[in-house]
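According to Swiss-Prot, the protein carries these features:
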DISULFID  Cys23-Cys92  disulfide bond
REGION    1-23  region 'Framework-1'
REGION    24-38  region 'Complementarity-determining-1'
REGION    39-53  region 'Framework-2'
REGION    54-60  region 'Complementarity-determining-2'
REGION    61-92  region 'Framework-3'
REGION    93-101  region 'Complementarity-determining-3'
REGION    102-111  region 'Framework-4'
Amino acid sequence: DIVLTQSPASLAVSLGQRATISCKASQSVDYDGDSYMNWYQQKPGQPPKLLIYAASNLESGIPARFSGSGSGTDFTLNIHPVEEEDAATYYCQQSNEDPFTFGSGTKLEIK
């Protein structure tokens, strides 16, 4: 299985500043020119919400302050400017190889 290592495990960012979350895959998640890495946001008591798919594509209805980048094994989620409602746990997920796997999560606190 592909192992996804997220960092940091938690971070605290001031309102209006930038949050950066990294995800490193144990092997490439690229196929035929696309990177099969997705990012989810989860708040307590709610199911995960898809933010970014295929590394850099913003899901419909998600604010443009969320952005994703990367390819191969190294990926990044940026949130800028951070808003209070962004406090949540964020997960990367690869969908290149079955079983699809998730990172261990990054908890974002807004200061």
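Yeah, the Cβs are placed from backbone N, Cα and C, and that goes for glycine too.
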Give, as a single whole number between 0 and 100, the mean pLDDT over the region 'Complementarity-determining-1' (24-38).
98
Hey, which bits of the same chain come close to the region 'Framework-3' (61-92), Cβ under 8 Å, at least six residues off its ends?
4, 6, 13-30, 35, 37-43, 48, 50-52, 55, 102-103, 105-110
If you draw a 10 Å sphere around the Cβ of Cys23 (disulfide bond), how many other Cβ atoms fall inside it, taking every protein chain shown into account?
29
Cβ contacts under 8 Å made by the region 'Framework-4' (102-111) with residues that lie 6+ beyond its boundaries
4-15, 19, 21, 23, 40, 42, 79, 82-84, 86-93
What same-chain residues lie close to the region 'Framework-2' (39-53): Cβ under 8 Å, and 6 or more beyond its ends?
21, 23, 59, 62, 66-68, 77, 86-93, 102, 105
Using Cβ-Cβ distances, find the residues under 8 Å from Cys92 (disulfide bond) that belong to the same chain and are at least 6 apart in sequence, listing them in sequence order.
Leu4, Gln6, Ile21, Cys23, Met37, Asn38, Trp39, Tyr40, Phe75, Leu77, Phe102, Gly103
The region 'Complementarity-determining-3' (93-101): which same-chain residues, six or more beyond its ends, come within Cβ distance under 8 Å?
1-4, 25, 28-31, 36-40
